[in-house]
Amino acid sequence: MVNVYTYLESLFKENYTLPIIIATVSIAILIPLYQDHQESKQKKALEEGQKDKKEEANSSAHPSADNTSSESADSKPKAFALPTTPLPPPNLERIFTKEELAQHDGSKGEEGMIYVAIKGIVFDVTAKKAMYGPSGGYHCFAGKDASKALGKSSLKPEDCIADYSELTEKELKTMEDWYTFFEKRYAIVGKTEA
């Protein structure tokens, strides 16, 4: 025991020994603390991301949930929040042929307008290019009257048609909810010729 004490005493007589020991002990304590902090930060970010995706999925699956007055616009995912500025008055004078509407699917780059029609009413969804543009999850609706697909909550291209006569009562309600959802968020720029 005396030999160890003598050895340690001789180490501390050296000018560089004490700072090295302090630095080593500090690093040994701080590194695990820092790693724990980073892990908890990543875990929290991951949980928030999953929560946001879940809320967004719930909002997209049930657009009528946005009609509840108890929720504020700030509590909704940004993709589904109500616009902060009033929408322009509806323009129902412009009539789109199926071919004209198809030209507004966002494939023309930045300047291309993106339109989606529901029940023959054409909405300008250009502000949500991330959702309705060529790389967006809802691109199948762009440039079409997607009434049937919206009623069926379907992303199948074959369902993106104007004829919704085969929809069930529940699907008609879903389509109406989507219409209300679009009406509150996107400008009406015309109607289809059919």
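Including glycine, each Cβ sits where the backbone N, Cα and C put it.
Those TrEMBL annotations? Automatic predictions, nothing curated.
The transmembrane segment annotation in TrEMBL covers 16-34. The region 'Disordered' annotation in TrEMBL covers 41-90. Feature annotation from TrEMBL assigns compositional bias 'Basic and acidic residues' to 41-57. For 58-72, the entry in TrEMBL reads compositional bias 'Polar residues'. Per TrEMBL, domain 'Cytochrome b5 heme-binding' is recorded for 96-193.
The predicted model assigns the domain 'Cytochrome b5 heme-binding' (96-193) a mean pLDDT of 92. As a summary of secondary structure, the domain 'Cytochrome b5 heme-binding' (96-193) carries 44 helix, 19 strand, 35 coil according to DSSP.
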